[in-house]
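As structure tokens, the structure follows; a few thoughts come after it.
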Amino acid sequence: MAFRMSLSGPARTFLTAFSAAVGRLDKSLSPFDTIARLRAHTFVPSDAIYVFHLLLAVFWLTIMQVPSFPSKLLIPILFGLALLIPFTSQFFFPAIPVFAWLLAFYTNRFIPADYRPSVHVFLLPTLETVLYGANISDILTRFTHPILDLLAWLPYGVIHYTFPIVLAIFMWLFRPPLALKTWAKTFGYMNLTGVCVQILIPCAAPWYELIYGLTPATYGIAGSPGGLVRIDALFSGDGYQRAFGSSPLVFGAFPSLHAAWATLGALFVSHFWKGAGRVVWAYVGVLYWSTMYLTHHYLIDVVGGACLATTFFYLFMPDELRGAEGRGSGEHAGAKSKYERYDLESRRPGGFMGLDDFASDTGESADLSDEVEEGSIVYRSPNPSTGGSVPHSSSKKPPMQNGTGNGRAHRHTASIASLIRADERSEGWSPIGNKGFSFPPVTR
């Protein structure tokens, strides 16, 4: 108890959110529960996508050589069991697009060279010169320095691989369940599409031009860490040389999935946590530069990856998460903040964005005391339907009085008068009507 009381601020916010998120999990281990839900499910045309995933998985498993038959049969068996058990299914089922991408990325190495298209060596540098007037990526690599190497390595070789996981954790803790499912689906299908493009249109990266010139490339050539070899030398290791030397997709320069990951993550962060936009886009800009500085991508690859991510973001974002820039949840998701919903004075600007800002549905600092806020907060209760939130009535804002503009004038008097002396007002809304009391009011 003493330990609980000693926690405050971000630590208490995080632990409270984690406890509530764990409480919302389905802890059933009975496959019969999943079978019952499957029987009760009403199939729609969009469910045909899972037939596509099944056929694609059969294709990749058929050509897979490592692990060999029959060991590789353990992959579909274990994955099927994970989907059948409710506790694991709630994680594995939304991540099916992600697993489909990982399977395609790993197994494409086993496609026979006779069935592969020729590797494009001239295409990317030519497009870059034609579109941008110069080989921008080549210009960025002419001057190197250990400090620049470290600055490029952190976003490209470290943050890049942890950013999607950290973002998924924050969505699980502080945003509606639909947000995490949308992130998994968008991230998975974007990467699957990118890998398919890289397989069908194989292109050599700048490091190939530096090592081999513009000579024709063959699939037997091993991958190269490019500028990351300087990081190996700096730390007296060979981790990146071994990792990129055994890459299953050597000629996957276009589109840049490094740029796509960063762009998609920044779009989601900016959408759900508006205050973090500047920080995350600064990271994206540095990563764009690092992909070219480390000779892994041309500028055209970066542009292609950014366009791919932007397309999938707007294509997969559901309407339920578009209101109020997707930052709210529950009955008031369509409003910008509780101050505008209830015609109150906005809080004073300023202050540093911390974990409390991530936890808040509408950007204001989360108060985890016994006081109940007006807006619904996702992690307040393991059961959102009984978590003490305001009963659902309408997400629309009440109409303003004529002449009030955006509703910022006379905030306190307007709010109080609307509740106490609504019968004396000739215009505006009243929460008390012939059909009883409702708050927020229902717009008629």
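Note that Cβ sites are derived from N, Cα and C of the backbone, with glycine treated the same way.
According to TrEMBL, the features are:
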TRANSMEM  47-66  transmembrane segment
TRANSMEM  73-106  transmembrane segment
DOMAIN    144-315  domain 'Inositolphosphotransferase Aur1/Ipt1'
TRANSMEM  153-174  transmembrane segment
TRANSMEM  186-208  transmembrane segment
TRANSMEM  249-269  transmembrane segment
TRANSMEM  298-317  transmembrane segment
REGION    362-444  region 'Disordered'
COMPBIAS  382-393  compositional bias 'Polar residues'
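Using the rule of three or more Cβ pairs under 8 Å, pairs at least 6 apart in sequence, the transmembrane segment (73-106) is not in contact with the transmembrane segment (153-174). It is 249-269 that, among the stretches 153-174, 249-269, 298-317, forms the most Cβ pairs under 8 Å with the transmembrane segment (186-208). Summarising model confidence by region, the domain 'Inositolphosphotransferase Aur1/Ipt1' (144-315) averages a pLDDT of 95.
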